[in-house]
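One structure is given here, and the rest of the page talks about it.
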Amino acid sequence: MLYKGDTLYLDWLEDGIAELVFDAPGSVNKLDTATVASLGQALEVLEKQHDLKGLLLRSNKAAFIVGADITEFLSLFLVPEEQLSQWLHFANSVFNRLEDLPVPTLAAVNGYALGGGCECVLATDYRLATPDLRIGLPETKLGIMPGFGGSVRMPRMLGADSALEIIAAGKDIGAEQALKIGLVDGVVKQEKLIDGAIAVLRQAITGDLDWRAKRQPKLEPLKLSKIEAAMSFTIAKGMVAQTAGKHYPAPMTAVKTIEAAARFGREEALNLENKSFVPLAHTNEARALVGIFLNDQYVKGKAKKLTKDIETPKQAAVLGAGIMGGGIAYQSAWKGVPVIMKDINDKSLNLGMTEAAKLLNKQLERGKIDGLKLAGVISTIHPTLDYAGFDRVDVVVEAVVENPKVKKAVLAETEQKVRPETVLASNTSTIPIRELASALERPENFCGMHFFNPVHRMPLVEIIRGEKSSDETIAKVVAWASKMGKTPIVVNDCPGFFVNRVLFPYFAGFSQLLRDGADFRKVDKVMEKQFGWPMGPAYLLDVVGIDTAHHAQAVMAAGFPQRMQKEYRDAIDALFDASRFGQKNGLGFWRYKEDSKGKPKKEEDAAVDDLLASVSQPKRDFSDDEIIARMMIPMINEVVRCLEEGIIASPAEADMALVYGLGFPPFHGGAFRWLDTQGSAKYLDMAQQYQHLGPLYEVPEGLRNKARHNEPYYPPVEPARPVGSLKTA
């Protein structure tokens with residue numbers, strides 16, 4: 001053994017070839033600060049081996065290196081800029097030493113090589129991969145850019161266009177694509193990976209392969225003519241501006257850095273990468289996006305822990321076909337759980353099957369599946385008008401009309417047709433589970449399972465624990481949602497649960513703005529362009545359905561009369577009374593017509609202004625800041641109340657439910673991350689300016705306490721130790 005660290009070791013393999021093996025104590029290898037330091041120490045040993053002829057890098061895990069240790073990021077990002085820059089210089093000196101070894105080097109890559117893992121293998125001369133490879137640089141999705149030389153080496157290896165596509169989008173690609181663009185030199189089966197790697201190294205050692213020529217382009221300026229450079233970077237910047245926008249600075253920074261570094265050799269180019277990375281790491285956007293990644297891991301880990309002793313349902317059923325029922329049935333079947341879809345008439349069943357078939361055909365058109373797979377999936381969806389087969393069902397979700405009487409009748413009838421241990425769930429969006437459970441003989445086997453529309457796209461499923469729901473019931477439904485590829489978040493029961501409970505105060509803020517003379521078009525523009533929502537409130541209401549919102553508004557008002565009971569007729573009432581239900585009937589705040597692809601396209605409709613004038617004061621202008629404050633304060637206050645009341649268990653789960661269920665702008669990180677970023681005291685000062693608008697604007701006492709003591713909602717993060725103690729020598 002030449003060297004043994006905590007996460008890697010170095011040993012002789014054969015005939016002058018050494019192997020450096022990543023072998024962390026846990027289930028995966030991460031390129032954390034300790035591993036970078038250990039790699040430097042291993043290279044120091046290697047550099048003294050006079051009989052060294054070649055080096056093989058490999059992993060003892062199912063994946064090569066999954067990336068940097070993102071749990072370190074928040075503390076690293078708090079380190080002063082100069083110290084973070086010094087540490088990056090040290091880390092890059094390690095990878096440069098790997099690249100500068102006087103012998104050929106090869107990385108044998110199995111499974112994932114992402115982020116720092118990808119940057120590590122870019123420093124070797126050759127790369128062999130297994131067919132299950134996923135390789136790429138996802139840093140821009142975390143609000144940063146490659147910092148271990150990825151923005152320097154990848155363009156010089158692949159050419160500007162291919163590298164820009166991967167880096168700016170934060171993409172990872174598979175083995176076939178990686179081989180095609182030259183990111184790997186060969187693809188071999190797992191069992192032949194090491195033999196293949198040694199064979200390539202031997203060819204390089206004997207001179208049959210010119211490893212020096214392979215290495216040289218990575219050390220030099222990017223080979224691009226002025227015209228090629230202008231085209232590549234202009235197109236890349238245009239695409240990034242269109243897709244990322246101003247709220248996500250990392251992709252544009254990465255493109256501009258690669259452009260600026262193109263005329264330099266490795267050392268100067270790495271300095272430019274460093275100068276761009278460090279300021280990005282200190283942005284609120286980076287902290288928010290890293291926070292989302294960590295929260296996602298926390299939520300998924302919690303679901304995994306909850307279901308560790310539970311068998312995933314093998315047969316499911318959906319009550320109520322149509323678009324929602326068909327979407328749920330498709331998702332279950334697509335992910336491998338056969339499903340019975342029951343309705344009371346053929347028309348609805350046909351609609352549900354048509355929806356499932358449409359979604360499968362889209363997969364076929366995109367080349368994701370073939371005809372055989374399509375037929376196999378659709379054959380596991382069984383439409384029926386009766387309860388045949390329900391005695392074999394493990395879990396049933398009811399997705400009928402949002403009417404408590406109808407839901408209770410359907411659930412009570414179904415309970416008599418299934419086994420005693422079968423779990424029943426309701427896809428209600430607002431009706432308390434306690435109320436629906438009152439119709440059942442086995443309320444302990446019942447809970448809520450709130451999908452979001454469209455089911456195949458929206459990652460969140462709210463799992464609602466009723467007062468009598470058993471732990472096993474919740475675990476079974478969480479297991480099914482996870483199997484469907486969804487992110488289940490368990491919440492406690494109340495009208496609207498979590499997501500809709502916090503959404504309707506936001507809509508109430510919108511209604512009050514319109515009542516006071518705001519133009520809905522400006523409100524939408526500000527909330528989309530300035531705050532960053534994917535849709536403004538008027539457009540969102542049109543998509544949800546004005547009739548749906550009108551009904552849900554009444555349910556929420558009955559549930560929380562002190563805050564959500566209106567004392568005036570609002571825009572939603574006016575549109576509802578005029579039968580303007582939104583996209584579903586072509587008229588809402590906007591008029592809708594189908595575009596060439598059959599999708600609804602919104603157009604101005606002057607008639608709506610006359611309609612809204614009857615429920616609004618004369619038009620007046622509001623500043624962007626005032627619009628954002630009046631829209632967001634009711635939502636933030638309600639989110640905080642939900643945490644204080646135990647409706648949602650943690651800030652992390654609340655923020656992920658908002659991002660995955662409502663499209664809360666990821667660069668803000670969620671409501672609690674947004675609160676922590678600006679500080680509770682600053683938020684309180686802002687909110688108090690609007691408390692005259694009513695109870696929805698009154699800040700909860702718990703938040704006032706946070707403001708008084710300057711306490712964040714997320715646990716405080718300490719800056720990483722000074723760079724000198726990060727094992728940098």
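Just so you know, glycine gets a Cβ as well, placed from its N, Cα and C.
For His450 (active site, for 3-hydroxyacyl-CoA dehydrogenase activity), the same-chain residues 6+ apart in sequence whose C-beta sits under 8 angstroms from its C-beta are Asn427, Thr428, Ser429, Val461, Glu462, Ile463, Ile464, Phe497, Val499. Under DSSP, His450 (active site, for 3-hydroxyacyl-CoA dehydrogenase activity) is assigned to a strand (E or B) in the three-state scheme. The active site, for 3-hydroxyacyl-CoA dehydrogenase activity feature in Swiss-Prot is assigned to His450.
Under the heading substrate binding site, Swiss-Prot lists Asp296, Asn500, Tyr660. In the three-state DSSP classification, Tyr660 (substrate binding site) falls within a helix. The number of other CB atoms found within 10 A of the CB of Tyr660 (substrate binding site), across every protein chain shown, is 24.
Taken residue by residue with DSSP, Met324 (NAD(+) binding site) is part of a helix. Annotation source Swiss-Prot lists NAD(+) binding site at Met324, Asp343, Val400, Val401, Glu402, Lys407, Ser429, Asn453.
Per Swiss-Prot, the feature region 'Enoyl-CoA hydratase/isomerase' maps to 1-189.
The region '3-hydroxyacyl-CoA dehydrogenase' feature in Swiss-Prot is assigned to 311-729. Averaged over the region '3-hydroxyacyl-CoA dehydrogenase' (311-729), the predicted model has a pLDDT of 95.
Look at Swiss-Prot and you will find 708-729 tagged as region 'Disordered'.
Taking the Cβ of Glu119 (site 'Important for catalytic activity') as centre and 10 Å as the limit, one finds 28 other Cβ atoms among all the protein chains shown. Among the features that Swiss-Prot reports, site 'Important for catalytic activity' is placed at Glu119 (among others).
Counting only same-chain residues six or more apart in sequence, the Cβ atoms lying under 8 angstroms from the Cβ of Glu139 (site 'Important for catalytic activity') belong to Gly115, Met145, Pro146, Gly147, Gly150, Ile167, Gly170, Ala250, Ala254. The site 'Important for catalytic activity' annotation in Swiss-Prot covers Glu139 (among others).
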Using a 10 Å cut-off on CB atoms, tell me which of the binding-site residues Ser429, Asn453, Asn500 is the least crowded. Asn453
Whole-number Å value for how far Asp343 (NAD(+) binding site) lies from Asn500 (substrate binding site) (Cα to Cα): 26
Under 8 Å Cβ to Cβ from Asp343 (NAD(+) binding site), same chain, six or more residues apart: give me those in sequence order, or none if nothing qualifies. Leu319, Gly320, Ala321, Gly322, Gly325, Leu349, Gly352, Pro383, Leu385
DSSP says Asp343 (NAD(+) binding site), in three-state terms, is coil
Ranking the binding-site residues Met324, Val400 by other Cβ atoms within 10 Å, which is at the bottom? Met324
Can you tell me how far the Cα of Lys407 (NAD(+) binding site) sits from the Cα of Glu119 (site 'Important for catalytic activity'), in Å? 54
Cβ atoms other than its own within 10 Å of the Cβ of Asp296 (substrate binding site), all chains, total 17
Of the binding-site residues Met324, Val401, Glu402, Asn453, which one has its Cα closest to the Cα of Tyr660 (substrate binding site)? Asn453
If you count the other CB atoms within 10 A of the CB of Val401 (NAD(+) binding site), including all protein chains displayed, you should get 10
